[in-house]
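> As annotated by Swiss-Prot, transit peptide applies to 1-51. The region 'Carboxyphosphate synthetic domain' annotation in Swiss-Prot covers 86-483 and is backed by similarity to another entry. Swiss-Prot lists Arg213, Arg253, Gly259, Gly260, Lys290, Leu292, Glu297, Gly323, Ile324, His325, Gln366, Glu380 with the feature ATP 1 binding site. The domain 'ATP-grasp 1' annotation in Swiss-Prot covers 217-409, and the record cites sequence analysis as its basis. According to Swiss-Prot, the ATP binding site annotation covers 243-298, 780-837, on the basis of sequence analysis. For Gln366, Glu380, the entry in Swiss-Prot reads Mn(2+) 1 binding site. Under the heading Mg(2+) 1 binding site, Swiss-Prot lists Gln366, Glu380. Per Swiss-Prot, Mn(2+) 2 binding site is recorded for Glu380, Asn382. According to Swiss-Prot, the Mg(2+) 2 binding site annotation covers Glu380, Asn382, on the basis of sequence analysis. Summarising the annotation, Swiss-Prot assigns region 'Oligomerization domain' to 484-628 and lists similarity to another entry as the type of evidence. Annotation source Swiss-Prot lists region 'Carbamoyl phosphate synthetic domain' at 629-1017, citing similarity to another entry. If you look up Swiss-Prot, you'll see 754-951 marked as domain 'ATP-grasp 2'. The ATP 2 binding site feature in Swiss-Prot is assigned to Arg790, Lys829, Ile831, Glu836, Gly861, Val862, His863, Ser864, Gln904, Glu922; the stated evidence is similarity to another entry. Look at Swiss-Prot and you will find Gln904, Glu922 tagged as Mg(2+) 3 binding site, backed by sequence analysis. According to Swiss-Prot, the feature Mn(2+) 3 binding site maps to Gln904, Glu922. What Swiss-Prot records for Glu922, Asn924 is Mn(2+) 4 binding site, and it gives sequence analysis as the kind of evidence. Residues annotated as Mg(2+) 4 binding site in Swiss-Prot: Glu922, Asn924. Sequence annotations record features per position, and here Swiss-Prot assigns region 'Allosteric domain' to 1018-1152. What Swiss-Prot lists as domain 'MGS-like' is 1019-1168, and the listing cites sequence analysis.
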Amino acid sequence: MLSTVHKAGRAPALLRHGRRVPVQASQLRALTSGAQNTSIFQTQANAAQRLSSQKRWLSASAAAAAASQPAPDAKAYIQSGVVKPRDHVDVKKVLVIGSGGLAIGQAGEFDYSGSQALKALKEAGVASVLINPNIATIQTNHSLADEVYYLPVTPEYVEYVIQREKPDGIFLSFGGQTALNLGVQMQKLGLFEKYGVKVLGTSVRTLELSEDRDLFAKALEEINIPIAKSFAVNTVDEALDAANKIGYPIIVRAAYALGGLGSGFANNEEELRNMAARSLTLSPQILVEKSLKGWKEVEYEVVRDANNNCITVCNMENFDPLGIHTGDSIVVAPSQTLSDEEYHMLRSAAIKIVRHLGVVGECNVQYALQPDGLDYRVIEVNARLSRSSALASKATGYPLAYTAAKIGLGHSLPELPNAVTKTTTANFEPSLDYIVTKIPRWDLSKFQHVKRDIGSAMKSVGEVMAIGRTFEESFQKAIRQVDPRFVGFQGDKFEDLDFELQNPTDRRWLAVGQAMLHENYSVDRVHELSKIDKWFLYKLQNIVDCQKEMQQLGSLEALKKEHILKAKKLGFSDKQIAMAVNSTEDLVRAARKGFGIRPWVKKIDTLAAEFPADTNYLYTTYNASSHDVTFEDKGTVILGSGVYRIGSSVEFDWCAVSATQALRAMGEKTVMINYNPETYSTDFDTADKLYFEELSYERVMDIYELESASGVVVSVGGQLPQNIALRLQETGKARVLGTDPRDIDRAEDRQKFSEILDSIGVDQPAWKELTSVEEAEKFAEEVGYPVLVRPSYVLSGAAMTVIRSKEDLKDKLEAAANVSPEHPVVITKFIEGAQEIDVDGVASEGNLILHAVSEHVEQAGVHSGDATLVLPPANLDQTTMDRVKEIAQKVAKAWRITGPFNMQIIKAEDPEGGLPALKVIECNLRASRSFPFVSKVLGVNFIDAATKALVGKNVPEPTDLMAVKRDYLATKVPQFSWTRLAGADPFLGVEMASTGEMACFGKDLVDAYWASLQSAMNFRVPEPGEGLLFGGDLSKSWLTTIVDYLSPLGYKLYAADNEVKQFLESSAKTKIDVEVIAFPTNDKRALREVFAKNNIRGVFNLAQARGKTVFDVDYVMRRNAVDFGVPLFMEPQTAMLFAQCMAEKLPRPEGIPSEVRRWSEFIGGKPL
C-alpha cells in the first residue's frame, strides 16, 4: 500500500487545490491515508500518471512506471474486463420526484439535476414518471420524462400516482429538500413497502441520518469526526437549557429545513427564545449548538457507489467566514487558502463520513475550519443533490447528477465513462487549471420592512458563476454578472462603514470595495473588521492598485499596451477602464483591439489539459496565449437569461433551451452564452458550444467576432439580452435575428409605444410623460387618482407604484426617476377593478402565427408574475377573445414582429352596458415568463415556432389555438418566499414579489386551482374545525363571500377587532359567531400563543394598501401568518376562489381525484 505524504506549508495559489493522481494498478485496490488511516478511494487501472509538479501522491519509482502509460481511454478500459460490472438494479419504471416551484433556498439547480436523472433513465431503457408542478422546467418536457404529472409533491398525491403508474423504483435525491422530506414521510407511512417501490441510490435511513440532528451527531461520534457541541430539542424551554450548558453565542438550526430556514444566531436568552419559537413552527426539532462564527467554511462534493468506490469531485471555500449561509456566501472553487495538510485532512474526513453514512450517489459535506490551526467541525451533510452540487458540477465539468443517477441504477464508478470528457471514467477526480467564483444575487430592495442582514438563513434568489485564470479576473467577472449596473469591484456610500464590514448584509462586497478603493483601509483593517481571509483581500488590493494606477495616468492616450493588458488580466472590463481614465467603452475597445489585445478561449475539460478531452464547455481569459478551440462553425449565438432574480427565472431558461433545440433540429450550429450554474442551458450537451460568460455588450461581441457567428438571438433570455440588442446591431454591427432592435426600442420607450398604439387605433389608459412634479400633480388631478408611476425599461415592475394621493405622488416621483435617468417617467391612469388578460404570441414579418390568451384571477394591480393565470380562460366570452386576437394582429404588424412577443391588456366594464374597454398596458417584443405555461397547456411549443420564424425556416402556417374547445383547463399560481424574508410585508402590488410558479390541470377551475395551491411549498389546507382569522378592507363584500362558503364546513371564525366581527356577523347569509381575539401587535411571543391556543390554521387578510408601519394590524396579521407557517390569503379574488374550492372539495371523497391524470392524457398526446 502507498501512503499519502502530507506537506506542511502552502502550495502556490493556482496549484493549491489538491489535485489527485490516478495511480496505475493492475487491479483495483484501495489507497490508505497516512494521516487518517482510512481507505480513501479506489483508483482506475491504466490511468496515466500526472506529469505536473505535484508528485505528492507517488514515490519516484511509481511515477516513472506510470509515466510510460498512454492517456486513458474510458471505453477500452471498461471493455478490457478489468472492471466486473455489478448486477444493476432491476427496475422497469422509476418515479422521479421534482422540487416544485422555485423558492429561496431551492431554485433552478433541481431542474438541471432532475433532467440529468431522467436522461440517465432514458439511456438505461427504464421508463420514467415525473411528478413536478413546476411547469416552467425543462424536465417536464416529454423529451425527457416518459410521463409527467403536474401535481403537488405530497404523500397523498404521490400515492395516487403510484396507484395509477405502479412504478417499482423511486428517485428522491433530485428534487431538493421537498423530495427528501416527502421520502421520509412516505417511509414513515409505510407506503414504499405497501406498493413494493424501491428507493434508488441513498436510502431513506441515510437521508434521515443526515437530516435528524441528533442521529447525525451520534453517527459522526461513532467514527470520531468532530462536530460542534450541540443538543437536539423539541421545545423552547429545552432550547434555553441547552444554551445554558453550551454557553452563548449559539446557533439554532431546524431539522428537515431548506436553505437554513428556521436557523439563526442568538447572543442571549431573549434572542434565543424568539428564534427557537419561530424555528419550531417550521420544524418539529431544532438543534442548539455552539457558534463557530469567524472560522473558515469549506465544502466537499463526494460521490460514492454501492461498491464503496469514493471520490471527491470538488472542494469549495467560502470567501466569507462561517456565519453566513453558504447559499448567501461568495464561494471560490477550488479552495485557495488551505494548506496541503488541511486539504487532505478534510478530504479524508469527507470520504470517511460518506462511507459511514452509506450514501449511494452524491453528497455534500460542509466544514468549519479554524483559521490558524488544524481544528475543524462538520457543520452539515446533504445526502442529496444540492445547490452546491450544481455549482461543483458546472465548476469542474463533472456531471454529478447524471453520475449519481447511474449509481442509483446500480452502476459502479469505474465502469461509467465520464459523459463530458469521453476519455476518462467517472472514477477520476477532476483537476482545475482555473478559478471559479460564485456570487449570490439578492432582491431585498423590492420588499418593504425587510431586514437586510445575512446570516445562517438564506435570502438570495439566484447566483452567478464566473471562470478566470486568476482570482481577480474571476471575481470581477462575477460582480458584473450579478447586475450589469456594476462595472466590477467597486464601492458604495454607507452611513457606518465599519459597522457594515462587521455585520454582513447583501451589500457586503460593496462595503469592502468602498473601504479599499475610496477610504484607504489597509488589508489588515478590513480583515480585522470582516474576518475575510487576508489572501482574498491581498488579491482585491491588486485590483485597487491597478485602478489607482490608471486613474493617475488620467487619459486613454496615456495607457500603454502593458497597462491595458495588466488591467484585462485582473478582470477589468472596457467600461471599467474607461471610467478610470475618463474615456468611453467604445474608445477603450478600439484601443485594446488596436494593441492586438483580445480574449483567449479555453476549455473546461475536468483534466487541467493533462489528457486529451473533447468538450464544448468554454470560457474566455486574458491570462493565456492560445485558443483551445477552432472557430469554423459560424453558429448562431443564443443569449441566455443570466442570473435568476425576481422577474426572471427558470421560465427564460426553458425558452433559451427550447430555441437551442429548435436550431439544432434544423441543422444549425449553436453557441450558448450564459453564466448561471443553476440552469439546464449551461449543461455540457445543450448547445454545440457553451460559453460560461458575461452577457455584456463587450463579451457578447468578443464571442460573436471570434466565432464569426451567423446571427444572435436576443428574444428568448428575458430582459437582459434585450437591453443590449440595439447596441449589438448599431455599434457592433451584429446580425440580430428576429424583430429589429429599433422596433424593440419603440416598444420599450413608453412615449414611442403610446404614439404607435394611437396610430393603429388600439386603446390604452390615459398617460403622460413626466417632466416636473407640478405637471404630474396637474395630470393626476385631471384623470383622477389612483395613478400608476413607472419608468421605461423595467423588468418585473421595478419602481412601478400605484399612487392614491397628492402626498404619495410627491414622495414617489424621486424614487422612480432615480431608476433610469436616461428615460423619462410616465404617469398612467390606473383603472381599479379591471380584469387583466395576458397574450403570448408568435409572429413572422408582422403576421400573427400563434397566440394564447390567459386570464388573471386577480384584478389589475397585481403584477402579472404574481397573478394566477387561467388557460383556456374560464370567464372571457367569444367577442372579447376575437377582439383580443385583432389587437394582437395589429400590434404584430405595427412593430413588424418576427419571433415571440407578449402583451398585457386590461378589460374594464362599460358603466353604461356597452362593450367592455380593452386597453393595452404593456407589450414585450420577446418571450415572456408565461411561454412554457401556454406551450404545455395548449400542447404546442411556442418557442419552437418562434425560432423557425427567427431564421425564416419551416415557418408554421397561422393557427388559432384559442378556437379549439378543450375539456380541461390549467391554472398557474405564484410561489412566494416570504418566510425567508424576515420582516417583508406579504402584500401584492405592481412590483413582482414571487420567486417561482406552479401549475396544475383539472376538468374545471376548481379542480385545477385546488391542486395548484396545494403545490405551494409547505402549504397545508385548513381542516374543518380549525380556526380561521379574518381582517382587512370592509368596504367590499369579499370577506362575507368567503365566510358564506366556509362557515357551513364547521370552521371556528376569529377577528382581531369588533369592527370586523360586527361586519361579518351582520352581512353573512346565515347566522355565524365570530370571536374577537387579543392581538398584541408588538409582542410576537404573545401572538404566537394566541395563534396556538385558537388553533388558527388560515388567515384571510384583504387589506387595500400596505401597512405604513410595522405595528399596523393588517401587516402584523399577514407577517405572522407567514412566520408561523399558516396559509395566508391577501388577495380578494384568489381568496374567494380558494373558499369555493374548500366548499366543493371538503371533506375529501374516496378514490383517486379527477385532477390526477397524466399531462399527455389532458392534452391528448406528447408534442413537447
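Backbone N, Cα and C define each Cβ position, glycine as well.
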> 10 Å Cβ neighbour count around Ile324 (ATP 1 binding site)?
23
> Consider the binding-site residues Lys290, Ile324, Gln366, Glu380, Asn924 and say which one has the Cα lying nearest the Cα of His863 (ATP 2 binding site).
Asn924
> Just to confirm my parser: what is the rounded mean pLDDT across the region 'Oligomerization domain' (484-628)?
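Looking only at the region 'Oligomerization domain' (484-628), pLDDT averages out to 95.
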> Near Glu922 (Mg(2+) 3 binding site), meaning Cα within 10 Å, which of Arg273, Val288, Lys290, Glu380, Gly784, Arg790 (binding-site residues)?
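Qualifying among Arg273, Val288, Lys290, Glu380, Gly784, Arg790: none.
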> Within a 10 Å radius of its Cβ, which of these binding-site residues (Ala243, Val288, Ile831) has the fewest neighbouring Cβ atoms?
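With the binding-site residues Ala243, Val288, Ile831, fewest surrounding Cβ atoms within 10 Å: Ile831.
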> Look up Arg273 (ATP binding site) in the DSSP assignment and report helix, strand or coil.
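It is helical.
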> Where does Asn382 (Mn(2+) 2 binding site) sit in the DSSP three-state scheme?
strand
> Measuring Cα to Cα, tell me the gap between Gln904 (ATP 2 binding site) and Lys290 (ATP 1 binding site) in whole angstrom.
53
> What does DSSP call Lys290 (ATP 1 binding site) in the simple three-state scheme?
strand
> Any idea of the Cα spread of the ATP 2 site, Arg790, Lys829, Ile831, Glu836, Gly861, Val862, His863, Ser864, Gln904, Glu922, as a max distance in Å?
18
> Provide the three-state secondary structure of Ile831 (ATP 2 binding site) computed with DSSP.
coil
> So what sits near Glu380 (Mn(2+) 1 binding site) in its own chain, CB-to-CB under 8 Å and at least six residues off in sequence?
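Result: Arg253, Val365, Gln366.
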> Relative to the Cβ of Asn924 (Mn(2+) 4 binding site), which residues of the same chain, six or more apart in sequence, are found under 8 Å away?
Gln722, Ala747, Phe901, Asn902, Met903
> In which DSSP state, out of helix, strand and coil, do we find Arg790 (ATP 2 binding site)?
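Going by the DSSP assignment, Arg790 (ATP 2 binding site) falls within a strand, counted as strand.
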> Counting across all protein chains shown, how many other Cβ atoms sit within 10 Å of the Cβ of Arg213 (ATP 1 binding site)?
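If we count other Cβ atoms within 10 Å of Arg213 (ATP 1 binding site), we arrive at 24.
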> Out of Arg213, Lys290, Ile324, Asn382, point to the one nearest Arg273 (ATP binding site) in space (Cα versus Cα); all of them are binding-site residues in the record.
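For Arg273 (ATP binding site), the closest Cα among Arg213, Lys290, Ile324, Asn382 is found at Lys290.
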> Fill in the CA-CA distance, Ile831 (ATP 2 binding site) to Gly784 (ATP binding site), as an integer in Å.
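Roughly 10 Å, rounded to the nearest whole number.
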